[in-house]
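The following features are taken from TrEMBL:
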- 15-157: domain 'DUF2157' (DOMAIN)
- 46-68: transmembrane segment (TRANSMEM)
- 80-99: transmembrane segment (TRANSMEM)
- 111-130: transmembrane segment (TRANSMEM)
- 160-176: transmembrane segment (TRANSMEM)
- 211-230: transmembrane segment (TRANSMEM)
- 236-253: transmembrane segment (TRANSMEM)
- 265-288: transmembrane segment (TRANSMEM)
- 300-318: transmembrane segment (TRANSMEM)
- 325-343: transmembrane segment (TRANSMEM)
- 349-368: transmembrane segment (TRANSMEM)
- 377-395: transmembrane segment (TRANSMEM)
- 401-423: transmembrane segment (TRANSMEM)
Amino acid sequence: MNRKAVTWLYEQLPKLVAEGVIPAESADALRNFYGPVDQSRKSRRLILSIFAVTGVALVGLGVILILAHNWDQLTRFSRMMIGVGMLLAAQFLAGWVLWRQPDSRAWREGTATFLTLMIGASIALVGQTYHLSDDFGGFLLTWMLLSAPLVYLMRVHMPALLYLVGMILWIDNGDYGMGGKQTIWLLLAVMLPHYRLLLRDRYGNPAVIFSWVWLFILALCFGLVLEDYIRTLEPVMYTLPFTISYFSGLLWFPDAPVNWRNPYAIAGLAGCVILSVVATFHDVWIGMGHILEGMGGAEGTLAAAMLLLTLALGLALHHRRSRRHWLWGSGPILTVIGVLLAAWDRSGIASAILFNSYLLVLSVYIIIRGVKEEKLGMLNGGMLMLALLIVLRFLDIDLSIIARGLVFVVLGLIFLAANLIMVRRKKEVAK
C-alpha cells in the first residue's frame with residue numbers, strides 16, 4: 001500500500017475504534033503491519049510549499065513595485081493592458097498547474113497565491129487608471145470575494161489565510177457598506193467548508209495555523225461587530241467566549257501532542273487568566289453595580305445563549321469524567337457574582353477580593369499538581385501566577401522600595417528552591 005493510503009488509513013483508525021467498527025487491538029495490529037509513515041517526505045512537501053509561496057509572493061510584489069516606479073510614463077491603454085495581462089497570465093499559469101501538476105501541493109499553493117496577488121493588483125491598477133471609487137473597504141471586499149473560489153478550486157491553504165487577513169483589514173477599516181458590519185459573519189462562513197476539511201487532520205500545521213488566525217478574527221469580530229450588544233454586560237460577555245473557546249479545545253483537540261497545537265484551549269485559557277488578573281483591581285468594579293439596570297433585551301438574549309452554550313460544553317466535558325476544567329472555566333460565574341457584589345459594595349473591594357482569592361486558589365492548585373506529577377513547567381507556571389498576584393497587590397500598597405525589593409528577593413529564592421528540588425527529584429527517579 002502506498003504512503004498516502006497508509007496515512008489516510010491511520011487518520012481513520014481512531015474514528016473506526018471510537019464508533020466500534022474495529023477493536024483497538026485490530027487498529028494496533030494494522031499500525032504494526034504497515035509501520036510508521038515516512039514523515040520526511042511530508043516535511044519536504046511542506047518546505048517546498050513554503051518556498052513556493054514565498055517565491056511567488058516576492059515575484060508578485062516585485063512586479064508591482066516595478067510598475068509603480070514607471071507608472072506615470074505609461075498611457076491609460078498601456079496601464080489597462082498591463083493590469084489585465086498580469087491577471088490573464090496568472091490565470092493561465094493556475095490552469096496549467098491544474099492540468100499538468102494537480103498533485104503538486106507546492107505548485108498549487110504558489111500559483112494560487114500568485115493569482116490572488118494579481119487579482120488585487122489588477123483591481124487596484126484599473127481603479128487607479130480610470131479614477132474609480134476610492135473605497136478601500138470596497139476594494140478589499142471585492143478582492144477577497146474574487147479570490148475565495150481559488151481555495152476550493154485548487155485545494156490550497158495560503159489564499160484562505162489571505163482571505164482571513166483581508167477580512168481583518170476590512171473590519172478594521174470600518175467601512176462596512178450597505179450590508180452593515182453584521183455581514184462579516186456571512187463572509188467568514190465562506191471559509192467554513194475549507195476549515196472543516198482541514199480539521200480532518202486537526203493537529204497538522206495547516207489546521208493549527210488556520211485555527212489561530214480564525215480565533216483572532218472571531219475575537220476581533222466579537223469586540224467590534226457586537227459592541228452594541230455587549231457594552232452594558234461587558235465584563236460577563238468577554239469571559240464567556242474565552243471559556244467557550246477553552247472548553248471547545250478540550251473537547252475537540254483532546255490529544256494535542258504539544259500545547260500550541262490546541263489553539264482553542266490555549267487562547268481560551270490565556271483570555272480567562274488575563275481577564276481574571278484585570279478583575280483583581282478594585283477600580284475595575286467601580287460602577288459595575290449599575291450595569292444590570294441598563295441591560296437591553298438583545299443583550300440579555302445573547303448573554304443567555306452564550307451562557308447556555310458554555311454550560312452545555314462544560315457538561316459534555318463532565319460526562320467524559322473530566323473535572324479540572326470547572327476550576328479554569330469558572331470565570332463567567334465568578335464575574336456574575338462579582339457584578340452582584342459590586343451592586344452591594346460600590347467600592348469594588350469585595351469583587352476584587354473574590355478574584356484575588358480565585359487566582360490564589362488556582363495558582364496553588366497548579367503548583368500542587370506540578371509537584372505531584374513532577375512537571376517542572378506546570379510548577380513554574382503556577383509559581384509565576386502566584387508571584388504575579390503578589391507583585392500586583394504590592395503595587396497597590398504603599399510600601400518602601402526596600403520592602404518591595406525584599407519581596408522580589410524572597411520570591412526569586414522560592415522559585416530557585418522549587419526548581420532545584422524538582423530537578424533533584426527527577427534525577428533520583430532516573431537513578
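Heads up, the Cβ atoms here are built off N, Cα and C, so glycines get one too.
If one looks beyond the transmembrane segment (265-288) by at least 6 residues along the same chain, the residues whose Cβ comes under 8 Å of a Cβ in the stretch are 212, 215, 219, 235, 238-239, 241-250, 253, 256, 259, 328-329, 331, 334-335, 338-339, 341-343, 346-349, 351-352, 355-356, 358-359, 362, 385, 388-389, 392-393, 396. Touching of the transmembrane segment (325-343) and the transmembrane segment (377-395) is ruled out by the presence of fewer than three CB pairs under 8 A, sequence neighbours closer than 6 excluded.
Beyond its flanks by at least six residues, the transmembrane segment (300-318) meets 226, 229-230, 233, 236-237, 240-241, 243-244, 247-248, 250-251, 325-326, 329, 332 of its own chain at Cβ-Cβ distances under 8 Å.
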